[in-house]
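Shown next, in structure tokens, is the structure this report addresses.
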């Protein structure tokens, strides 16, 4: 919901940063891998209850995720880079809730499981439509900076990061955050499946 409004404002700042990073030894895929390696640290940090340390690596991961895309656009977007980026993004989004579960299994296990279950819904509907949109060459005007078709919704990347930030700042409330956000994710999944189905169905009639 917030991505399409936030990205145009952040993109100029990222472009300024990648001017410094645009060196022969630095590649978009390299930034993706470094960002993921940093993001993976959130899992042990959360499991140990080091919430502020986890917050730092989560934010660094998201910063590098923005920089790798900006550097790729400065040079050339590639299918391989887009595939690597989205694959590692989804793994990162899954490991953070798992870290909260490990931190307090009695309190967070059920809510964290609900959140991961909801992430499967948003992720599968997102990727399934992206694949078919590319096949039918459907335009993606709202997210032209993406290397694949980006089907929006109520809970997108920005909202997910806000959830993780709130969880790190108020870990005792993570279970409540997870229950509420998971419900919003299922609303997103329903709207994506329905709108995606109608869009693809209309193409068959043309």
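Cβ coordinates come from backbone N, Cα and C, glycine included.
Computed from a predicted structure; not experimentally measured.
Among the features that Swiss-Prot reports, topological domain 'Periplasmic' is placed at 1-37 (among others).
If you look at the transmembrane segment (38-60), the same-chain residues 6 or more away from its ends with a CB under 8 A from one of its CBs are 92, 95-96, 98-100, 102-103, 161, 164-165, 167-169, 171. Residues or ranges marked as transmembrane segment in Swiss-Prot: 38-60 (among others).
The topological domain 'Cytoplasmic' annotation in Swiss-Prot covers 61-79 (among others). The DSSP breakdown of the topological domain 'Cytoplasmic' (61-79), given as helix, strand and coil counts, is 16 helix, 0 strand, 3 coil.
The transmembrane segment annotation in Swiss-Prot covers 80-102 (among others).
Listed as Cβ neighbours of the topological domain 'Periplasmic' (103-111) (distance under 8 Å, sequence separation of 6 or more from its ends, same chain) are residues 46-49, 171, 174-176, 178-179, 182. Look at Swiss-Prot and you will find 103-111 (among others) tagged as topological domain 'Periplasmic'.
Taken from Swiss-Prot, the feature transmembrane segment covers 112-134 (among others). Packing against the transmembrane segment (112-134) from elsewhere in the chain are residues 86, 90, 93-94, 97-98, 100-101, 140, 148-151, 153, 155, 174-175, 178-179, 181-183, 185-186, 188-189, 192-193, 196, 199-200: each is 6 or more residues past its ends and has a CB under 8 Å from a CB in it.
According to Swiss-Prot, the feature topological domain 'Cytoplasmic' maps to 135-146 (among others).
Swiss-Prot lists 147-169 (among others) with the feature transmembrane segment, giving sequence analysis as the kind of evidence.
Long-range contacts of the topological domain 'Periplasmic' (170-173) within the same chain, counting only residues at least 6 positions beyond its ends with a Cβ under 8 Å from a Cβ of the stretch, are 49, 51, 100, 103-104. The topological domain 'Periplasmic' annotation in Swiss-Prot covers 170-173 (among others).
If one looks beyond the transmembrane segment (174-196) by at least 6 residues along the same chain, the residues whose Cβ comes under 8 Å of a Cβ in the stretch are 97, 100, 104, 107-108, 110-112, 114-115, 117-119, 121-122, 125-126, 128-129, 132, 151, 153-156, 159-160, 163, 166-167. Here Swiss-Prot flags 174-196 (among others) as transmembrane segment, drawing on sequence analysis.
Residues annotated as topological domain 'Cytoplasmic' in Swiss-Prot, with sequence analysis given as evidence: 197-206 (among others). DSSP states for the topological domain 'Cytoplasmic' (197-206), grouped as helix (H, G, I), strand (E, B) and coil, give 9 helix, 0 strand, 1 coil.
Here the topological domain 'Cytoplasmic' (197-206) has Cβ contacts under 8 Å with residues 129, 132, 136, 138 of the same chain, all six or more residues outside its ends. Proximity of distant same-chain residues to the topological domain 'Cytoplasmic' (61-79), defined by a Cβ-Cβ separation under 8 Å and at least 6 residues beyond the stretch ends, is recorded for 10-11, 14-15, 17-18, 21-22, 26-29, 31-32, 34-36, 38-39, 42, 85, 89, 92, 145, 147, 161. The average pLDDT for the topological domain 'Cytoplasmic' (197-206) in the predicted structure is 79.
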